[in-house]
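Asks: Grabbed the feature section from Swiss-Prot, which reads as follows:
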SIGNAL    1-7  signal peptide
DOMAIN    9-71  domain 'LCN-type CS-alpha/beta'
DISULFID  Cys19-Cys70  disulfide bond
DISULFID  Cys23-Cys45  disulfide bond
DISULFID  Cys31-Cys51  disulfide bond
DISULFID  Cys35-Cys53  disulfide bond
Amino acid sequence: IDMVVECNKDGYLMEHDGCKLSCLMKKGTFCAEECQRMKGKDGYCYAWLACYCYNMPDWVKTWSRATNRCGK
């Protein structure tokens, strides 16, 4: 059985607490590796603060201002 995975979602990866995945003080390839681990195409450390990923599957939870629960 073949399985097709849609990968068209971009966004910030989230920690379990609802906060963006921090990349402060991490190695340069940290975000790209984390994004690829989540089946995304690529990613980078936005402003040295949080991991932003490209072309992730729709099932990956990403941070959203509307549903933000970080620090709450």
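Note that Cβ sites are derived from N, Cα and C of the backbone, with glycine treated the same way.
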Asks: Of Cys19, Cys31, Cys35, which is closest to Cys45 (disulfide bond) if I measure between C-alpha atoms? They're all disulfide-bonded residues.
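Replies: Ranked by Cα distance from Cys45 (disulfide bond), first place goes to Cys31.
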Asks: Other than its own, how many Cβ atoms are within 10 Å of the Cβ belonging to Cys70 (disulfide bond)?
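Replies: Total other Cβ atoms inside 10 Å, all chains included: 11.
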Asks: Between Cys35 (disulfide bond) and Cys51 (disulfide bond), how far is it from one CA atom to the other, in Å?
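Replies: Their Cα atoms are separated by 8 Å.
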Asks: Where does Cys31 (disulfide bond) sit in DSSP terms: helix, strand, or coil?
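Replies: In three-state terms, Cys31 (disulfide bond) counts as helix.
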Asks: Where does Cys51 (disulfide bond) sit by DSSP, helix, strand or coil?
Replies: strand
Asks: I'd like to know the mean pLDDT over the domain 'LCN-type CS-alpha/beta' (9-71).
Replies: 95
Asks: Which one is closest to Cys51 (disulfide bond) in space, judged by CA to CA distance, out of the disulfide-bonded residues Cys19, Cys23, Cys70?
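Replies: Of the disulfide-bonded residues Cys19, Cys23, Cys70, Cys23 has its Cα closest to that of Cys51 (disulfide bond).
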Asks: Name the one residue among Cys19, Cys53, Cys70 whose Cα is closest in three-dimensional space to that of Cys31 (disulfide bond); these are the disulfide-bonded residues.
Replies: Cys53
